[in-house]
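Reading through the structure tokens given below for one structure.
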């Protein structure tokens, strides 16, 4: 696993896991929890442990939301509000097209069914490593809906784009990627954006220390950590919004909108000219 040079402030952030173990910094977390000698992601204990956990989860909305299906409506309402400017366009940013969206960590397709399709996307692809969840999505939600075109049974760490996307929606899944794969995944997302396309990440955010969940093998990062990874991935943060109307005992949830950095856009345009 490629070593990341973290800013000093991030190196000073202490973390903890749900068993009470303390990590002196994020490097120590990866050293202890990620098998750096694994030749393939499927052999890596970081991903295998998460995969094993999700295989025990019932393929229902309640299962996807960890027993919190009652937040689904508030979640969808806030997501629609957040993306509204990108759908309609603003004086400084053209509207995105509604040709194709990608639902990352899609589970049984809740976000696609309640959010992406009602927005008007003509085609939506689902990426989800648990094939049982995708089969449930096909048979329960999208059996006769041809707008849901592709079902990719693969983890985000191994996903490679086959299409260009106007919107890549990534919700409650980035904690399953260790930082190196997070960066590489976002780079692939950037490369697969259609003109004016946007990447949206919606996830739990720690208030201070990062927190490692030993049950589902995921990490909740703080906002500074996430923004550092966005920057390393070649993304520009263009909007952020805290999810309202969630139970106070839950982690804060923040929606981030990202686009390709301007300097990268210029470089690609120059390459096309050549």
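Glycine residues also receive a Cβ, built from the backbone N, Cα and C atoms like all the rest.
These features come from TrEMBL:
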| type | residues | note |
| --- | --- | --- |
| BINDING | 105, 110, 156, 157, 171 | S-adenosyl-L-methionine binding site |
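Spanning the residues 105, 110, 156, 157, 171 that the record associates with binding S-adenosyl-L-methionine, the maximal Cα-Cα distance equals 21 Å. Residue 157 (S-adenosyl-L-methionine binding site) counts 19 other C-beta atoms within 10 Å of its own C-beta, drawing on all protein chains shown.
Residue 110 (S-adenosyl-L-methionine binding site) is surrounded by 21 other CB atoms, counting those within 10 A of its CB over all protein chains shown. Of all Cβ atoms in the shown protein chains, 25 besides its own fall within 10 Å of the Cβ of residue 105 (S-adenosyl-L-methionine binding site).
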